[in-house]
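Encoded as structure tokens, the structure appears first; notes follow it.
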Amino acid sequence: MFEQLIRQAVNNIKDYTPGKNPSQPGVVKLASNENPFGPSPLALAAIAKEAKNLHIYPDQKSLALRAALAKQLNLHEDNVIIGNGSDEIMQLAAATFLKPGEEVLIPGHTFSLYETFTHLFDGQPVVVDLKDKEQDLAAMAKAITQKTKLIFLCNPHNPTGTMISAANLASFLTSVPENVLVILDEAYVEFADAKDFPNTLALVKELPNVLVLRTFSKYFGLAGLRVGYGLSSTELVKYMFRVKPPFNVNRLAQAGALAALEDKTFLEQTYKNNLKGRDYLFTELDKLGLEYKKTQANFVFIKVKQPADELFLQLMKQGVIVRPLTSFGLPEAIRVSIGTKEQNKKFIQALALQKAQAAG
Ligand SMILES: Cc1ncc(COP(=O)(O)O)c(C=O)c1O
């Protein structure tokens with residue numbers, strides 16, 4: 001009965017497809033690029049301590065966390081806005097800047113919420129296809145029109161793990177008019193180790209129309225806590241603050257994220273494990289003769305030789321949950337998060353068994 005009541009925009013939005021959660025103990029989830037070591041221990045301790053204050057509303061400006069981030073990133077706290085996950089900052093940016101009918105450039109086969117929030121605020125998504133599974137900045141520059149308002153870039157790119165180099169990004173930005181907002185989603189930036197990966201903090205200082213998004217969900221192991229942040233010019237941040245629900249980041253989230261920032265042992269373990277796991281997976285995938293993309297993130301994009309949905313079910317039977325990329329429009333590929341040594345091994349064994357069975 002509500003069909004007539006909803007806004008057209010809501011009709012345009014596709015349901016979000018999340019990674020599947022394990023239904024039994026012992027099942028390994030490598031589907032959502034979460035931290036395989038669990039939450040940061042320092043965050044857990046800070047959350048336990050903060051719990052006694054839960055009868056009091058949180059700081060609506062997340063001042064302590066913004067100050068700590070600003071200090072670490074060498075920015076001013078007024079360049080920082082905290083969200084209930086970086087998802088919320090995307091939504092805030094669209095709510096603040098997008099006018100009905102304005103165009104939003106989005107890479108093909110990417111994180112689905114860029115399109116969701118574009119529709120939500122009656123924007124017009126303009127999807128620019130990937131080239132060789134990488135974001136095609138030349139095509140994106142050509143796609144800019146008078147109506148373009150926002151541009152989403154994802155670096156490293158989910159789900160392919162590929163990156164935009166510093167030089168390519170700098171050159172692209174020269175073709176973006178000042179009145180177009182560029183949202184650089186860096187959900188996986190902490191895992192990148194390429195020398196020519198862009199330093200976007202310098203860009204935030206130089207270009208008032210750049211908004212960098214980062215998250216505590218992956219590297220810091222706090223996906224369930226929901227904390228992400230945006231870095232931009234003080235002016236853009238000021239307007240987004242107006243739109244932000246006052247108490248969007250709860251007390252436990254603010255305390256946990258603040259502590260996680262300082263959890264050097266955990267973060268180092270996470271980083272090193274990812275690099276080792278990445279090398280291991282590359283070697284084993286080569287042995288299995290499977291095509292994959294060199295990744296700068298904590299997941300690997302793998303082209304598979306059977307429908308991804310089918311492989312997903314078969315791997316699940318062996319206790320490994322991966323992400324079939326059908327909902328990304330790539331039904332011939334899966335994305336696997338880099339896990340612990342044991343988890344990676346379990347995935348490779350399951351994949352090898354699957355290959356042997358398929359060969360007959
Ligand atoms: C590219 C990208 N951006 C943003 C997010 C969302 O992060 P958050 O948990 O901070 O909302 C994800 C999560 O999977 C992601 O892959």
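Every residue gets a Cβ built from N, Cα and C, even glycine.
What TrEMBL records for 26-351 is domain 'Aminotransferase class I/classII large'. The N6-(pyridoxal phosphate)lysine annotation in TrEMBL covers Lys218.
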Inset, instruction - Restricting to the domain 'Aminotransferase class I/classII large' (26-351), report the mean pLDDT as a whole number. - result: 98
Legend entry - Cβ contacts of Lys218 (N6-(pyridoxal phosphate)lysine) (under 8 Å, same chain, 6 or more positions away): Asn33, Glu34, Asn35, Ala187, Tyr188, Glu190, Phe191, Asn298
